[in-house]
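Here is what TrEMBL says about this protein:
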- 2-158: domain 'FAD/NAD(P)-binding' (DOMAIN)
- ALA11, GLU32, LEU40, VAL76, TRP359, GLY366, VAL367, ILE368: FAD binding site (BINDING)
- HIS147, GLY148, ASN149, VAL150, ARG191, ARG192, GLU203, GLY366: NADP(+) binding site (BINDING)
Amino acid sequence: PRVCVVGSGPAGFYTAQHILKHHGGALVDIYEKLPVPFGLVRFGVAPDHPEVKNVINTFTQTARSERCAYYGNVTVGRDVTVPELRQAYHAVVLSYGAEDNRVLGIPGENLPGVYSARAFVGWYNGLPENRDLKPDLSCETALILGHGNVALDIARILLSPLQLLRKTDITDSSLAALACSKVKRVWLVGRRGPLQVAFTIKELREMINLPGARAVLDPADFTGLEDAVKDAPRPRKRLTELMIKTALEKPAEVQAGAAAPRTWGLKFQRSPQEVLPSADGRRARGIRMALTRLEGSGDSAKAIPTEDVEELECGLVLSSIGYRSLPLDPAVPFDSQRGVIPNSSGRVEGVPGLYCSGWVKRGPTGVIITTMNDSFDTAQSVLEDLQGGVLDISPSREGFGVVESILRSRGVRPVSFSDWEKIDAAEVARGKAAGKPREKIVDPVEMLRIIGH
């Protein structure tokens, strides 16, 4: 059987890995729109979290299997359609993730100084489409809307001492911009309360221990919460206890004459209503928020805006309220309300032989391990359908043989995995010269030049 996987992030690679491991004859081709593989492991994971990127070693082993092939620089839906792939393969798995972000839907969100978390993370991680972002870091106060791990990542990157960032694979240009940054206060704002934050204790602890930065949490926000979390699941309980402990700690007196350190804090039950423009209307100068009240409790609590509003001055607004998947091809059903492909255990509804895994299957939540389990689940559906005869493998399918001639007729040259390894070697060599693990190449044209395309 020939299987095609669209997308080379964790969802794509884990799906391929599981099929190859549990079916001794399957051939898997992975298609990726960028020349370089690994999706959010390369472009989402924070540069100062190198240990999370170790999964790349596993993915590389998968890609080097003689039953697996990687074709980068191929945009499915444009260079080759999903119906064309379904003609060429016995099964097609869509694992292309979430390439857009949710919008706030408030006045002023398009003002200069307002950025999506997705674009900002893409900028410091070298995602080609965000390489020219040039965020304005000339203000003292930044405000991040969202209480998830991505929001904490951004706050940490904004406030980290440069000597820590210099040793990471953060891009050269973003390091230069951060070196000139005036940001010294970061507020993380959420619509709900401390019991609903989505970040995890590891990321919070890392933020609390960040050198040269001090947490500013208001003890009043945590009144009575110790009792409220007595019976909560252990992770939620520990997370809340850490916030309470941090709120109650007296800051070590700032040494006489020492410059006040950078600060960060959490604000709760605030719903953004408008990004306020500067006097000349040319950029963001602050944000107006409605105070909210919570209906219900626990994870399902809803934030209802009240009449009370509050304004906060800030020259940089980062919206970290979630990523969003987009439809790939008119031939694929898509639920635009939920931003997912309608499916059952990864089987796309109404289209036999078509599957999905990862964020486009379940929505943009969870960490790499969540995506791994989810992808194994989809791969299992493919294997069951192969074994149960749901997928007819009697007609031979040409796989890449067919796709290659389609791509050639459209002037598209795919990038192989050994091509990627040349780009990888060039990045590592450039990084070595600068004393860091790698210096990412951010321009696809330059990537292609390195491999002689």
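Yeah, the Cβs are placed from backbone N, Cα and C, and that goes for glycine too.
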Discussion item. Can you give me the same-chain residues 6 or more apart in sequence from GLU203 (NADP(+) binding site) with a CB-CB distance under 8 Å?
Written reply: ASN149, LEU152, ASP153
Discussion item. On the 0 to 100 pLDDT scale, where does the domain 'FAD/NAD(P)-binding' (2-158) sit on average?
Written reply: 97
Worksheet entry | Cα-to-Cα gap, LEU40 (FAD binding site) vs HIS147 (NADP(+) binding site), nearest whole Å | 19
Fill in: Annotated FAD contacts ALA11, GLU32, LEU40, VAL76, TRP359, GLY366, VAL367, ILE368, maximal Cα-Cα distance (Å, integer)
25
Discussion item. Which one is it, among the binding-site residues HIS147, ARG191, ARG192, that lies nearest to TRP359 (FAD binding site) by Cα separation?
Written reply: HIS147
Fill in: Which of ALA11, VAL76, VAL150, VAL367, all binding-site residues, has a Cβ with the fewest other Cβ atoms inside 10 Å
VAL367
Discussion item. Quick check: of the binding-site residues listed here (ALA11, VAL76, GLY366), which one has the Cα closest to that of ARG191 (NADP(+) binding site)?
Written reply: GLY366
Worksheet item: By CA distance, which of the binding-site residues (HIS147, GLY148, ARG192) lies nearest to GLU32 (FAD binding site)?
Response: GLY148
Discussion item. Just to confirm: which same-chain residues, 6+ apart in sequence, have a Cβ under 8 Å from the Cβ of HIS147 (NADP(+) binding site)?
Written reply: LEU188, VAL189, GLY190, ARG192, GLN196, VAL197, ALA198, PHE199, LEU266
Worksheet item: How big is the gap, in Å, between the Cα of GLY148 (NADP(+) binding site) and that of GLY366 (FAD binding site), rounded to a whole number?
Response: 10
Item to complete: Rank the binding-site residues ARG191, ARG192 by the number of other Cβ atoms within 10 Å of each Cβ and report the first-ranked residue.
Response: ARG191
Fill in: Pairwise CA distance, ALA11 (FAD binding site) versus VAL150 (NADP(+) binding site), rounded so that it is a whole Å
19
